[in-house]
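Engineer: Got a structure for you, questions after.
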Amino acid sequence: MRGQGRKESLSDSRDLDGSYDQLTGHPPGPSKKALKQRFLKLLPCCGPQALPSVSETLAAPASLRPHRPRPLDPDSVEDEFELSTVCHRPEGLEQLQEQTKFTRRELQVLYRGFKNECPSGIVNEENFKQIYSQFFPQGDSSNYATFLFNAFDTNHDGSVSFEDFVAGLSVILRGTIDDRLNWAFNLYDLNKDGCITKEEMLDIMKSIYDMMGKYTYPALREEAPREHVESFFQKMDRNKDGVVTIEEFIESCQQDENIMRSMQLFDNVI
């Protein structure tokens with residue numbers, strides 16, 4: 001999506017630093033808030049602890065409230081030092097609004113959470129896996145985190161910037177059904193050759209079972225992931241050529257009510 005030159009030619013991120021409040025300015029309802037926190041816990045650099053509610057922020061003593069940084073002055077020696085410690089600063093807020101389906105306020109909140117976990121402005125695979133593992137202590141999330149990292153790292157340069165992160169998040173949360181299914185296909189297509197093999201699907205499925213841990217599904221047998229994949233792959237590989245194309249993947253998912261319901265769960269996450 002962006003080359004190395006983009007990560008070296010950086011613009012001022014002051015607009016993204018302008019808010020620590022919740023996305024709408026009001027705390028969400030219980031069910032929406034719970035779903036939002038559950039989803040954000042699955043993503044790096046954007047854990048729910050980075051997004052306090054407005055009521056929590058205002059109720060806290062002044063000394064404990066999140067500090068809202070003043071706008072950076074490029075001519076200030078102090079600000080110049082602060083900026084020099086950041087490896088990557090995202091492009092302008094207006095440009096990110098054009099490229100994603102997030103509002104200005106939403107981008108500010110997402111950037112605050114990202115920067116809290118990734119002060120350098122980018123995250124590599126090892127850091128990504130470390131952050132992700134905090135939310136699945138009962139299992140081994142390392143393999144799934146690697147697959148997810150590669151899906152966010154669209155230009156395959158070994159790092160995920162804030163732009164990479166919000167681009168993927170925008171598709172997952174605000175994209176059309178086809179957009180989301182295309183993103184999911186890319187996640188499963190591990191070698192990025194344009195089709196999904198049974199082995200790739202099995203690798204993903206095993207990583208999910210490993211991540212959830214044996215304590216979550218104690219009754220599952222070791223062969224359960226393979227049986228799951230065999231059943232699912234037979235439905236998707238419509239011409240029985242041993243691979244699933246993007247067309248077969250989308251068509252099969254659109255005809256599965258459970259998958260369609262799961263896609264719609266993300267419509268109002270943020």
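Numbering starts at 1 and runs along the chain as displayed.
Glycine is treated like the rest: Cβ placed from N, Cα and C.
In case it's useful when we look at the structure, here is the feature table from Swiss-Prot:
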- 1-17: compositional bias 'Basic and acidic residues' (COMPBIAS)
- 1-34: region 'Disordered' (REGION)
- 140-175: domain 'EF-hand 2' (DOMAIN)
- D153, N155, D157, S159, D164: Ca(2+) 1 binding site (BINDING)
- D189, N191, D193, C195, E200: Ca(2+) 2 binding site (BINDING)
- D237, N239, D241, E248: Ca(2+) 3 binding site (BINDING)
- 257-270: region 'Interaction with KCND2' (REGION)
Engineer: So among the binding-site residues D193, D237, D241, who's got the most Cβ atoms within 10 Å?
Structural biologist: D237
Engineer: Going by DSSP, how much of the domain 'EF-hand 2' (140-175) is helix, how much is strand and how much is coil, in residues?
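Structural biologist: DSSP composition of the domain 'EF-hand 2' (140-175): 24 helix, 3 strand, 9 coil.
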Engineer: Whose Cβ, among the binding-site residues D157, E200, has more other Cβ atoms within 10 Å than any of the rest?
Structural biologist: E200
Engineer: Run through the Cβ atoms and count how many others sit within 10 Å of the one on S159 (Ca(2+) 1 binding site).
Structural biologist: 23
Engineer: Which of the three DSSP states, helix, strand or coil, fits C195 (Ca(2+) 2 binding site)?
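Structural biologist: DSSP call for C195 (Ca(2+) 2 binding site): strand.
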Engineer: Give me the CA-CA distance between D237 (Ca(2+) 3 binding site) and D193 (Ca(2+) 2 binding site), in Å, as a whole number.
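Structural biologist: Spelling it out, the Cα of D237 (Ca(2+) 3 binding site) and the Cα of D193 (Ca(2+) 2 binding site) are 16 Å apart.
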